[in-house]
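Taken straight from Swiss-Prot:
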TRANSMEM  24-44  transmembrane segment
TRANSMEM  72-92  transmembrane segment
TRANSMEM  100-120  transmembrane segment
TRANSMEM  134-154  transmembrane segment
TRANSMEM  170-190  transmembrane segment
TRANSMEM  197-217  transmembrane segment
TRANSMEM  234-254  transmembrane segment
TRANSMEM  261-281  transmembrane segment
TRANSMEM  289-309  transmembrane segment
TRANSMEM  336-356  transmembrane segment
Amino acid sequence: MLYWLGLVLKSHIFLFNVLRYITFRALIAVIVSFLITLVLSPIFMRKVTALNRLYGGYVREDTPETHSKKKFVPSMGGLIIILSLELSSILLMRLDIAQTWIMAFTVFGFAIVGFIDDFVKLKNKKGISARSKMLGQIIVSFVSASLLYFVMHIDTHIYFPFFKSLKLDLGYFYIVFVMLILIATSNAVNLTDGLDGLAIVPAMTTAFALGIISYVAGNSILARYLEIHYVENAGELAIFGMAVVGAGLGFLWFNSFPAQMFMGDVGSLGLGAALGMLAIMSKQELTLIIAGGVFVVEALSVIIQVSVFKITKGKRVFKMAPIHHHFELNGTPEPKIVVRIWIISILLAIFTIATLKLR
């Protein structure tokens, strides 16, 4: 919206010319999304805390007993994150390109699935069934993948990091590939969201790294110089990536230890879908594995735990999965686990950006 305002007013007021630049709008996105989250969160917390107390509170069943004290901490704080992202993208991204609207739809769709689950948990602690939850994600991801393929006509090649020209064309199977990325990423973020402040910082660092790469991929000169695949209008995705950073900072203000609110499934599923879409639309699907390495490890720990338990009929690799609970049961304080994972996520983001030259 502001992009077009800049085009209209630049001939009358020179300062409005800066609204044409992606870098300036990305900076504004950080500030706007941060302020929206910071201002609305206290109001939201008061409302949801009252609901939590009315229905007896909620804490995940698959957590250590020490988490029982968090039962009245308001969940669904991710609503504010998603609202902030949607408003920031509509305000600051170009509205004449498919990327803006497909991103907005995908994030909103996954967030709705998470919100329904969170809302049901207020009365029924188990939430909606796993089958219903997965069905919702499949429907949203299929629509998003179809929009990418049939409307945006996205390139169906997969480009491999560290290689200049290695690529694989999936053709129609790219639709299924997109669905797998969106569902896997959203659920991986959901699994990671188990300690105060744990999931939001890796989400921010992943979005930042993918935002930087999106900017490069959308700039024909930089893309040619660094020998990565050029994607028309991908630079606009950098604005969304920076909005995730701003909204994340605002949320972390209240989510850091001891947490005053949690993001809930509405936040984790929505954020996961956002990260997946950033990677997909910038043609960095495989780079997401590096940038979001924390989420990959957390998800793998659950897969390993469940698989070994079923195969051996009762044996476990970890004391509890996801792996952050294993560290917790080993006696490592929650804040120390969280900060260490933050450090790892920052290093992964740095390495992800470095892959631009490592090819």
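Positions of Cβ are set from backbone N, Cα and C atoms, glycine also.
Here the transmembrane segment (289-309) does not lie next to the transmembrane segment (234-254) in space: the count of CB pairs under 8 Å, restricted to residues six or more apart, is fewer than 3. For the transmembrane segment (24-44), the residues of the chain that approach it from at least six positions outside its boundaries are 2-3, 18, 74, 76-77, 79-81, 83-85, 87-88, 91-93, 211, 215, 238-247, 249-251, 253-254, 261, judged by C-beta separation under 8 angstroms. At the 8 Å Cβ cutoff, the transmembrane segment (336-356) and the transmembrane segment (134-154) share fewer than 3 close pairs (sequence separation 6 or more) and do not count as touching.
In this chain, the transmembrane segment (197-217) lies out of contact with the transmembrane segment (134-154); the count of Cβ pairs under 8 Å, excluding pairs fewer than 6 apart in sequence, is fewer than 3. Counted over residue pairs separated by six or more positions, the transmembrane segment (100-120) shares fewer than 3 Cβ pairs under 8 angstroms with the transmembrane segment (197-217), which leaves the two as not touching.
Comparison of 72-92, 170-190, 197-217, 234-254 by number of C-beta pairs under 8 angstroms to the transmembrane segment (261-281) places 72-92 first.
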